[in-house]
Structures are given as C-alpha cells and as structure tokens.
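J.: Swiss-Prot feature annotations, pasted as is:
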BINDING   THR14, HIS15, ASN16, LYS17, GLY18, LYS19, SER76, PHE161, GLY162, TYR163, ASP164, LYS184, HIS189, ARG190  substrate binding site
BINDING   GLU46, ASP75  Mg(2+) binding site
ACT_SITE  ASP75  active site, proton acceptor
Amino acid sequence: MTRAFDGDTLLIATHNKGKLEEMAHLLQPFGVKVVGAAEMNLPEPEETEDTFVGNARIKAHAAARATGLPALSDDSGITIDALDGAPGVYTADWAETGNGRDFLMAMTRAHDALEAKSAPHPRLAQFRCTLVLAWPDGHDEVFEGVAPGHLVWPIRGAAGFGYDPMFVPEGYDVTFAEMDRWEKNKISHRARAVEKFVKGCFGG
C-alpha cells in the first residue's frame, strides 16, 4: 500500500521554477507548503543511472537526506520505438550545445536517425515521466505516467517546449506544440504521473 504524505512541507527537488509553481498549484487544496531545491541551496546531483526511475531516485533521496524533508523529484523524456527507446534518459542531452539547449537540433537529430533507418510510419514514440517521493528514512514511492503517440516531420506548432512540435499524442491529429496548454496538461505524461501521485499520497 502506498505510504500517505502526512507532513506540512514538501520539497520539490528541482531548480525549475515552472515545475515548482505547477506543483504548488496542484497541492494547494491539501494545505501543503512547497519549497524548491534552490530555496534550500541544494546542489543538483549527478544523474548517473540509465533509467528514468533511477535518476529520479537519485534526486529525491539526495534532497530528503540533505534537508530532513520528504522530497519529490521527476525524470522525464521521450522514447522512440524505431530507435530502440532512444533518446530516453538522454532526451535533454541530445539538445546540449555547450551554449545552452537547442531542441530544434535535437528534433532534427531524431528525424535524421529515423530516416537513416528508413523507419516505417507511423513512427511511434512515448513521452514518459517518473515521479519519486522519498522520505528521510529512505522509503520511497514511484509514480509513472506515459503519453503514447507518433512523430511527424516537418515540425508543427509554436507552443510547448522540447520535442513537443514533432509529437502527436494518440487520438489527436495535432502536436503537443499546437495544443492549448490546458489541453496538453490534461493528457501529458507529467499530468498522468502527478494524478497518480496525488491519488496515492493524498487520496485526491
């Protein structure tokens, strides 16, 4: 059975302000105070695992140990069937330029790799999000969300971020980047993982 969250403060093990604000909004009905890693002056631990859950566990447990607070972290990315699950945990790395991240470059890399393999259409892919809630005593709970879909080229849409302009979610004919934010947030991998987290740990 999932361990319930019964504290009054939850540390979000991220330096991403957007993720912090999103979680604060989602947990507002439960009266939980949310603090971020930057607020607690926590360094970003090195992500050395080759799975989403492994990297999420590293971040959550490091934050819980350092602060004595329950800590929630996430690791997410896109897996492409014809590329044997790549880029996977290296989703963001594919965009690294040494001068910031360039996701147009990353999407082009994915498309070129598919073309090189003459991958058939539809080119199936999944966005994946793994949330880990860790307690200072070493216990953790894992929640995973998946958004299945396929990739298109050329890219479409100006909203969203990352690989959104090339990803069409299952059951739709528009990319994540062509959707309203509220519409994407209802069906995204992150939304599905958060829904499981809230239901499991808050009974919401």
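Note that Cβ sites are derived from N, Cα and C of the backbone, with glycine treated the same way.
Worth saying up front: this structure is predicted, and the values here are computed from it rather than measured.
How buried are these features, and what lies next to them?
T.: Counted within 10 Å of its Cβ, the other Cβ atoms near THR14 (substrate binding site) come to 21, all protein chains included.
Other Cβ atoms within 10 Å of the Cβ of ASP75 (Mg(2+) binding site) number 24 in total over all chains.
According to DSSP, ASP75 (Mg(2+) binding site) sits within a strand segment.
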J.: If you count other CB atoms within 10 A of each CB, which of GLU46, ASP164 wins among these binding-site residues?
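T.: Selected residue: ASP164.
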J.: Measure the Cβ-based neighbour count of ASN16 (substrate binding site), defined as the other Cβ atoms within 10 Å of its Cβ.
T.: 13
J.: Let me know the most crowded of the binding-site residues, choosing from GLY18, GLY162 and counting other Cβ atoms within 10 Å.
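T.: Counting Cβ neighbours within 10 Å, the top one is GLY162.
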J.: Quick one: what's DSSP say for ASP164 (substrate binding site), helix, strand or coil?
T.: helix
J.: Under a criterion of Cβ-Cβ distance under 8 Å and sequence separation of at least 6, what residues of the same chain contact SER76 (substrate binding site)?
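T.: Residues satisfying the criterion: PHE52, THR91, PHE127, ARG128, CYS129, THR130, HIS189, ARG190.
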J.: If you measure every Cα to Cα pair among THR14, HIS15, ASN16, LYS17, GLY18, LYS19, SER76, PHE161, GLY162, TYR163, ASP164, LYS184, HIS189, ARG190, the residues listed for substrate, what is the largest value in Å?
T.: 23
